[in-house]
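S.K.: Residues or ranges marked as transmembrane segment by Swiss-Prot: 4-24, 78-98, 113-133, 151-171, 184-204, 244-264, 273-293, 316-336.
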Amino acid sequence: MLHTIGILIWIIIKILVIVVPLLISVAYLTYAERKVIGYIQVRIGPNRVGLKGLLQPFADLLKLITKEIIVPTRSNKYLFVIAPLFALVPSLVGWAVIPFQEGIVLANINAGVLYLFAMSSLGVYGVLIAGWASNSKYAMFGALRSTAQTVSYEIAMGFALVGVLLAAGSMNLTDIVNSQKGGMLHWWFIPLLPLFLVFWISGIAETNRAPFDLAEGESEIVAGFHVEYSGIGFALFFLSEYASMILISTVLAILFMGGWLSPFEGITFLDQIFFIVPGFVWLLLKISFFLFVYLWVRATFPRYRYDQLMRLGWKVLIPVTIVWLIVTALMVVAHVKPWF
């Protein structure tokens, strides 16, 4: 009995060690976004609350928590209230299989890639439930757009994952990282470059970020699926979006960019200088790079039209992944060096 309780407490501690820093990261990602976009637009960004505006995320959180939760009169009240949780939970449970370094992972399962793919697909249910339960045409339009978008880009993302499985020969994320040992030239983003780019673009679309944020199109459907939400409900949708951004960036770093591996591995004099840097620091740097590109893309590109979004998914990304899967299979059979 005591042994079981001890195991349970240890699991809870491991979950908190992952979730608490993640929530703090989400808070400061919103701050980073406002700062980066501010500098791109030749503005300063938030700089009033705390030193250089560093406490702004907590001020925003306090504001949202203290706001009234308004439930529309003709909405389905129970589904309306729990929909934000349906959106948030998949973006958190995906972290269970993410290895931060060799041996540092909550659940080192052999079907890690499949688990991540399944969890990333579940987030759309929260959006769909929110749109339907709100009993608002704007919310419903946003939810339907998001569902169609997710279905379209999940296919391309799935094919891109198959390419990694072909190359690494495993669905275990730790094994996939270890298959990229030998330095930057051995990372999968080089032989699988088209699949890497497709996965990256699909990840932006999956998280409903600009220029694929049609589900929230302010200029067309007010605020999309969360138009009726305020206070903590709105905050949870906000949280799920940014947590998903961090998760997609982490998956990109693990599958294509060597995860926690040093980029200087195999380069003797640089390897000797940077060998003291822990693996998880390299992983955090790679995640930060992908997150910065998320913000840069949002500030740079205009929103796609709905037909352009669908055309890109079905007529460009899916054919590209199918063709490159065939090329990858041929490279694996031919044992193309230094990757296979």
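Glycine too: its Cβ is placed from the backbone N, Cα and C atoms.
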S.K.: Check the transmembrane segment (78-98) against each of 4-24, 151-171, 184-204, 273-293, 316-336 and return whichever range has the most CB pairs under 8 Å.
M.R.: 4-24
S.K.: Could you name the stretch, out of 4-24, 113-133, 184-204, 244-264, 316-336, with the greatest number of CB pairs under 8 A to the transmembrane segment (273-293)?
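M.R.: Maximum Cβ contact count belongs to 244-264.
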S.K.: Might you confirm whether the transmembrane segment (151-171) is in contact with the transmembrane segment (316-336), defined here as three or more C-beta pairs under 8 A between residues 6 or more apart in sequence?
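M.R.: In contact, yes.
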S.K.: Is it the case that the transmembrane segment (113-133) and the transmembrane segment (184-204) touch, counting contact as three or more CB pairs under 8 Å in which the residues of each pair are 6 or more positions apart?
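M.R.: The transmembrane segment (184-204) and the transmembrane segment (113-133): touching, no.
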S.K.: Could you name the stretch, out of 4-24, 151-171, 244-264, with the greatest number of CB pairs under 8 A to the transmembrane segment (184-204)?
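M.R.: Most contacts with the transmembrane segment (184-204): 151-171.
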